[in-house]
Each structure stands twice: as C-alpha cells, then as structure tokens.
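Scroll down for the structure; my scribbles are underneath it.
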C-alpha cells in the first residue's frame, strides 16, 4: 500500500532567503504518513479508527527546497506490529521549469490506531504482506529499538526551561525561546486531538528562533533527531513549545525542543510533557554557503552535561556518516 501527495511551495512556506521551512516539510511528511496508516488500519471490517503519530525517526534534510518548486511526498507501509504501523516516506522536490527532481528527505514514522469511539483505546493493526521473509524480521528489530528508546526518552526529559534575566551572548539562556499556542479546531483531527505535523511545525519554528538568536544569520534545518510523542494533545489545550541550545560544533547547532500541554479547561488533568526532540541547524551566508557558528558557552552543571551529551550524539552521527561514505570511495 502506498500514498502520494504533491504541493507547490509558496512564499508563506519559506524563510526570508526563500528556503522552505523544515517544519513545512515535516508537516507534509506526517500528512502522508497519517493518510496511508489510517487507510491500512481501516482496511478490514471492524471498529473504525484514526492513526495517531507516536514517533518520527531521525530525518536529514538532504537538499534545500525553494519557493515555486513542487514537493512530491510518497509514503509506504514497511512493518506492522500488533498495535503500531511503520511508514517510510520520501520527499522529492521538482523544479517545474527545468523538470529536475531532487531527493530532499527520507523519514520513518510510527503510528498507532485509536478508536473513533474512544480515542484513549488503541486497536489492533491488520497485518501487512511482506514481499520477502527478511523484511518482517528487519522491521521487528526496528520496532523493538524505537520502543525502547521512546520509553527511555519519556523518563529523562521532565525538566522545564526557565527564563533568565539579562543573559550574556552565546549562553544557553541568551537564545532560549518559547512559543505559547492555544490549540484550535484547525490544528486538530476530526476527533479532537492535534495533528502530529502541526506540533512538529511549531517545534521547528521555535528551534529556528533559537538558532537565529544564537548566530544572527540565515539558518536552515539540517536534521531532526527522533521526535517522540509521549501523549496526545487535545483541542482547547494551551501548549508551550520551548527550545534551548544544547551543543555547537564548528558549523552546526543542536537545539532541544520540549512541548508541554496544559489542559486549561480540564481541572482533573495537570500540565504534562507531550513531545520532545533534538533539531540540528546550520548557519548560511547570503550566498547559501555554511558559516562558522559562535561557540556555545554552557554555564551551569546541567548545561555542561547537556553539552557533553550533545557532543556525543554529534560524534556518533559523524562517525556513522563517515562509515557509510567509505565503501563508496
């Protein structure tokens, strides 16, 4: 089973330099994933459901997309467990004047089917037919790995980002930013909870503000580490999307983004952590060339610890890229 979406990129999809926002691309990726997984989960007779986003694996922005280009987003179901669906999505950009197409993104998303009668009830997923036997085993390994990491992330990200008065330039406090958003009907599915793509777009927006404040240049999304959705966000909630710089290399910035939901119309439920992720940004000149990034100055013990953790993720990914490149040499 596969699905495809196509849309021309307009000025309100892009930054001042004409590059399409990473959040716009993430939102299109999630829409394609939601369509194909919801179709699959309703492909057999039984209780009707809607597929809700649980996690997005790391995705790299391989090539910039510009205003006037057409985005072609295609999704395919690659694995199903008893209660989840893995969807792999590719994004191509097409210059309709020249006909040239480029791969801009590859992403893996995980969805769970929620009952239309009770959105807190997770239903069973119809099995998918694999073209070869190894595909199921490979998918099971990916499923177990993401399940473990999602649980680990949920337990370690309970802290809150607090504002600091008169922070010094290049510190964590100087660039940290928050966005407060009231969840309205246009943000939600027909069943009253927020589209995952809407949340990701807001997360990318906050991460972009943090990056721009830190280096004061044009910035673009380079990659997004796994985005974990810990709990649903319902219509009427006030969400706070907070971002802070965690690590800088010579030419990249890692930004942690946390999403907290406050059910203001429901006194029975307290504020809770709804989603979390790490975004990586790069700084560009007016000609689109990478620029050096001002080095982050961690001040507190927690900031120094997060810096070292970010450095570990950076070195791990750098080694992985080099390992992938060596066989082609």
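Backbone N, Cα and C atoms are what each Cβ position is placed from, and that goes for glycine too.
Please treat TrEMBL annotations as automatic predictions, because they have not gone through curation.
Per TrEMBL, the features are as follows:
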type: DOMAIN; residues: 1-117; note: domain 'HotDog ACOT-type'
type: ACT_SITE; residues: 15; note: active site
type: DOMAIN; residues: 173-287; note: domain 'HotDog ACOT-type'
type: ACT_SITE; residues: 204; note: active site
type: REGION; residues: 300-329; note: region 'Disordered'
type: COMPBIAS; residues: 302-312; note: compositional bias 'Basic and acidic residues'
In the chain carrying residue 15 (active site), residues 6 or more apart in sequence that have Cβ under 8 angstroms from it: 21, 208, 218, 220
Protein Cβ atoms within 10 Å of residue 204 (active site), excluding its own: 27
Tertiary contacts of the region 'Disordered' (300-329) (same chain, 6+ residues out, Cβ under 8 Å): 159, 172, 225, 246-247, 249, 252, 254, 256, 278
Three-state composition of the domain 'HotDog ACOT-type' (1-117), taking helix and strand from DSSP: 23 helix, 58 strand, 36 coil
Arithmetic mean of per-residue pLDDT over the domain 'HotDog ACOT-type' (1-117): 93
